Amino acid sequence: MVETDPGPKKPHNCDVKDEHQLNGPGSKTVDLGVVPSLKTSAKCDPEKAPNSEKADFERAIELTGYGRFHYLLLAVCGLVSTSEEMDVISMSFILPSAQCDLNLTTQTKGWLNSIIFIGMMVGAYAWGSVADSVGRKRVLIAISVVNGLAIVASSFSQNYELFMLFRFINGAALGGSGPVIWSYFAEFQPKKKRGAMLSFMAAFWTLGNLFVAGLAWVIIPSEIGGTTGGFVYNSWRIFLLVMSLPSFLVAALLFLLPESPKFLISTGRHEAALEVFRGIYLMNTGRSKEEYPVKQLLVDVPVRAKPEKQLEEKEPKSKMRRMLSDIMENSKQLFVPPILKFTTISITINFTFHIGYYGLMMWFPEMFNRFDEWSRASGGAEADICAVTAYVTQRGSHSAGALCDAHIRSDVFMDSLITVAAAIPSNIFAVLGMDRLGRKFFLVFATFSAGFCSAAMYFVYNKTNNLIVSAIFSSVISCGNASLDCLITEVFPTNLRATGVAVSMVAARLGGIIGNVVIAALLDTYCPAPTFIVAVLLAGGGLMCLFLPNTTRQALQ
């Protein structure tokens with residue numbers, strides 16, 4: 001237990017205990033040099049004390065109030081999530097239009113869908129580990145800039161190989177965005193509001209899907225752009241260019257926000273954390289920083305944390321070595337008890353969940369396009385998904401020798417827009433009920449419902465049925481995504497949070513890769529398999545959450 005920046009001593013209701021009784025195996029008492037001869041530590045309940053000069057993190061963040069700062073934080077972090085989802089899902093809208101420019105087959109479309117996940121799998125661990133070492137904010141700014149530049153470069157790419165390269169770089173940047181932004185946002189939230197606010201931020205994924213579908217509907221069918229001397233810059237490339245704008249906006253807005261106080265505390269910078277609390281208090285209440293009631297922080301300091309004075313005495317040349325040492329240490333801690341259990345389960349859930357989420361969601365526009373092609377060719381005759389696929393691959397636009405047609409009817413994009421809009425009610429339900437019904441309820445309900453929808457796709461017999469089932473799937477899987485993000489973010493301790501979430505995200509991206517490649521391989525060769533495989537994995541993975549601890553309305557570790 002550590003006390004920092006002590007103010008005038010006042011009586012309070014505290015039990016003084018020996019430091020060996022007070023500190024558990026994961027923490028130690030650190031003398032910051034501000035309290036002479038610190039032999040014992042006071043274990044206090046700040047909420048019962050007659051004054052608020054001493055507080056732990058949860059009480060300190062509560063005393064800042066809840067207002068303008070948190071809404072600004074939600075807007076900026078939400079825009080990061082929106083930007084991430086726009087970049088990931090945009091490829092599904094590009095594929096039907098880019099198939100002629102890039103000479104795409106069903107298999108190469110699968111790899112184009114997957115390459116961003118391969119990049120995200122590489123980037124998630126690297127960025128997440130760095131964020132647990134050097135801080136959340138700086139990493140998020142770097143990620144946003146790299147991401148925006150990679151998207152711009154991909155829009156100018158004229159061949160499949162170069163396009164794949166820049167999409168990989170795009171994915172490597174995006175890989176860090178998810179684990180870091182969720183850790184960053186959660187570490188500003190009081191426990192009573194954390195579930196609702198994390199669910200609220202998850203709703204920005206739906207907003208990203210809506211933006212992508214709406215912009216695709218407006219831009220891609222318009223056939224704007226042109227060709228100059230063999231250089232093609234057509235509508236789907238302009239659509240990609242527009243996708244880069246949120247990343248640059250996010251990088252600028254992040255400069256307005258402070259570093260996570262929870263991260264600062266975990267690395268021993270307690271006075272810096274107090275200054276962040278004072279700034280939040282000023283913005284939320286309009287009162288001066290001096291009126292913020294907390295003068296001392298009571299914290300369980302992880303063994304790895306160093307007091308500020310010791311941090312300042314380190315030589316600059318050792319910073320990189322310290323960072324790499326922290327990254328390796330964090331990684332090792334994830335795979336030893338008791339954290340090993342959380343790591344294993346979170347990896348399994350993320351892997352199975354994202355096989356379904358991205359494995360199907362990324363293919364919806366393609367399937368809408370195939371149903372639309374069948375409907376026009378057959379005069380609206382009924383057929384299931386396998387009959388439609390057989391027609392398209394054997395006699396339609398994907399058959400050998402067929403002329404490539406890059407024109408996609410606007411109805412396809414409207415169907416996609418309806419599908420992602422269906423997630424809005426479920427996101428509202430998640431925001432209102434996440435802290436009441438709990439993370440596990442939402443995750444089990446969503447995975448079983450989404451699994452049922454996946455199996456039902458085999459039995460649809462026209463484009464309207466396909467649209468209805470796809471919309472229900474989108475709705476429930478979005479609800480599950482919100483609960484999964486909450487649960488995985490909360491289950492890891494602060495000093496391992498970004499790394500733990502990052503490792504889970506690596507599994508999620510691997511699920512996205514396998515989902516897209518397998519669906520691409522099986523869709524045209526053994527049609528019934530993909531929907532039933534996804535159904536079983538979703539339902540089975542969702543049940544794994546029952547083995548994780550309850551984090552609803554609990555303090556962050």
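For all residues, glycine too, the Cβ spot is worked out from N, Cα and C.
Annotations in TrEMBL come from automatic prediction, not curation.
Remember, predicted model here, so these are calculated numbers, not experimental data.
Here's what TrEMBL has on this protein:
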{"type": "COMPBIAS", "residues": "1-21", "note": "compositional bias 'Basic and acidic residues'"}
{"type": "REGION", "residues": "1-31", "note": "region 'Disordered'"}
{"type": "DOMAIN", "residues": "71-553", "note": "domain 'Major facilitator superfamily (MFS) profile'"}
{"type": "TRANSMEM", "residues": "110-127", "note": "transmembrane segment"}
{"type": "TRANSMEM", "residues": "162-185", "note": "transmembrane segment"}
{"type": "TRANSMEM", "residues": "197-220", "note": "transmembrane segment"}
{"type": "TRANSMEM", "residues": "236-257", "note": "transmembrane segment"}
{"type": "TRANSMEM", "residues": "342-364", "note": "transmembrane segment"}
{"type": "TRANSMEM", "residues": "416-434", "note": "transmembrane segment"}
{"type": "TRANSMEM", "residues": "441-461", "note": "transmembrane segment"}
{"type": "TRANSMEM", "residues": "467-488", "note": "transmembrane segment"}
{"type": "TRANSMEM", "residues": "500-523", "note": "transmembrane segment"}
{"type": "TRANSMEM", "residues": "529-548", "note": "transmembrane segment"}
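In the predicted model, residues of the domain 'Major facilitator superfamily (MFS) profile' (71-553) average a pLDDT of 81. Ranked by the number of CB pairs under 8 Å to the transmembrane segment (110-127), the listed stretches 197-220, 236-257, 416-434, 500-523 are led by 500-523.
Among the listed stretches 236-257, 441-461, 500-523, 529-548, the one sharing the most Cβ pairs under 8 Å with the transmembrane segment (416-434) is 441-461. As a quick check, the transmembrane segment (500-523) and the transmembrane segment (529-548) clear the bar of 3 or more Cβ pairs under 8 A, pairs 6 or more apart, so the two touch. Recorded stretches compared: 162-185, 342-364, 529-548; the one with the most Cβ pairs under 8 Å to the transmembrane segment (441-461) is 529-548.
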